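Asks: Below is a structure I'd like to ask you about.
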Amino acid sequence: MRGLLKVMPFPMAGLLLGLAAAGNMLLPYGAAIRPAFGGAAFLLALLLGAKALTAPAELKAAYGQPPVAGVLPAFSMGLAVLATYVRPVLPGPALGLWGAALLLHIGLLAAFTWKHVAAFDIRKVFPSWFVVYVGVAVFAVTGPAFGQPGTARAAFWFGFGAYLVLMPVVLYRVVKVREVPAPVLPTMAIFAAPGSLLLAGYLAAFPGKNLGMAGFLAVCSAIGFLGVMAVMPRLLRQPFHPSVSAFTFPFVITAIAWKGAGAYLAQSHQGVGMLMLEPVLVFLQVWATAMVLQTLVRYALFLKKEAFPAPVPQEAEEQA
């Protein structure tokens, strides 16, 4: 176990979040599917929590690297989603977990701002910054389930404001400045997440929805998703880096958001729009599931190789 914790990279928090969200996405397709994804996410949460507690120096070093530090709040986002698994059985502890996740996210956001935004350098801006700031909107998605509509709406507006500020900055960084290091390239997939997360958060947190706002967020979600899909062939050809965890949640939340949009259209008696969305929803869910499973397998192979390396043959040792 100690060897496994030693080689586990903190960016696995993104996979934790993706697994937890995928379980919710796939709930209608089988009673055993959600517990399977949720169980894997809970296990990852325990392992990453244990690593953070037993290797504080490594955690501090990770927070000193902007691309890695930006992904760490995916842990608190994952806890917020996992709280929805606990709520039907233990509503009190689930609310406590959700509140703790919110406080943890605020703390990580404050630390990131102090460490990396106060001394601003455009070359240290990466798509993972969306996780820190727009990621707050995950509490807009999950808040209503815990009877926290005010907190949910506040989380949405914070995430929406952060999205409007960050999008031009991050786009300028990756389009104009460029020079994104190879280990960070998979985080380009994060561009699919903020618009979709805000769309899902808006649909969940606001009983009286504005069609214009919902439409604007849907356009933002679609542009982000299509832009990422255009570069996915290149990203998937990259060798394994821990940042491949970015291939999970952005696609899952896009599927969740558009499923919510379909339900909104149905409630608004827009039957034609709902029918047009059906094949899109199927594709989004299949693609998101495939990306989560592919990333899980790649991580499993990486951890097996690092934690349990193959023994060196005796002849090779003698030659060395």
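Cβ coordinates are placed from backbone N, Cα and C, and glycine is handled just like the others.
What TrEMBL records for this protein is below:
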TRANSMEM  32-50  transmembrane segment
TRANSMEM  62-83  transmembrane segment
TRANSMEM  95-114  transmembrane segment
TRANSMEM  126-146  transmembrane segment
TRANSMEM  152-172  transmembrane segment
TRANSMEM  184-205  transmembrane segment
TRANSMEM  211-232  transmembrane segment
TRANSMEM  244-261  transmembrane segment
TRANSMEM  281-301  transmembrane segment
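Help me understand the surroundings of these features in the structure.
Replies: Long-range Cβ contacts of the transmembrane segment (62-83) within its own chain (Cβ-Cβ under 8 Å, at least 6 residues beyond either end) map to 10-11, 13-14, 16-17, 20-21, 24, 38, 41-42, 44-45, 48, 94-95, 97-98, 100-102, 104-105, 108-109, 111-112, 115-116, 124-132, 135, 138-139, 142, 146, 181, 183-184, 187, 243, 245-246, 249.
Within the same chain, residues 122, 125-127, 129-130, 133-144, 191, 194-195, 197-198, 201-202, 204-206, 220 sit at least 6 positions outside the transmembrane segment (152-172) and bring their C-beta atoms closer than 8 Å to a C-beta of that stretch.
If you look at the transmembrane segment (184-205), the same-chain residues 6 or more away from its ends with a CB under 8 A from one of its CBs are 67, 70-71, 126-128, 130-131, 134-135, 137-138, 140-144, 149, 152-153, 155-156, 159-160, 163, 166-167, 170, 174, 213-214, 217-225, 227-229, 231-232, 235, 238, 241, 243-247, 249-251, 253-254, 256-258, 260-261, 263-264.
Within the same chain, residues 163, 188-189, 191-196, 198-199, 202-203, 250-251, 254, 257-258, 261, 264, 268 sit at least 6 positions outside the transmembrane segment (211-232) and bring their C-beta atoms closer than 8 Å to a C-beta of that stretch.
Through the fold, the transmembrane segment (244-261) approaches residues 11-15, 17-19, 21-22, 24-25, 71, 74, 77, 127-128, 141, 186-193, 196-197, 199-200, 203-204, 214, 218, 221, 224-225, 228, 235, 238, 277, 280-281, 284-285, 287-288, 291-292, 294-295, 298-299 of its own chain, all at least 6 residues removed from its boundaries and within a Cβ separation under 8 Å.
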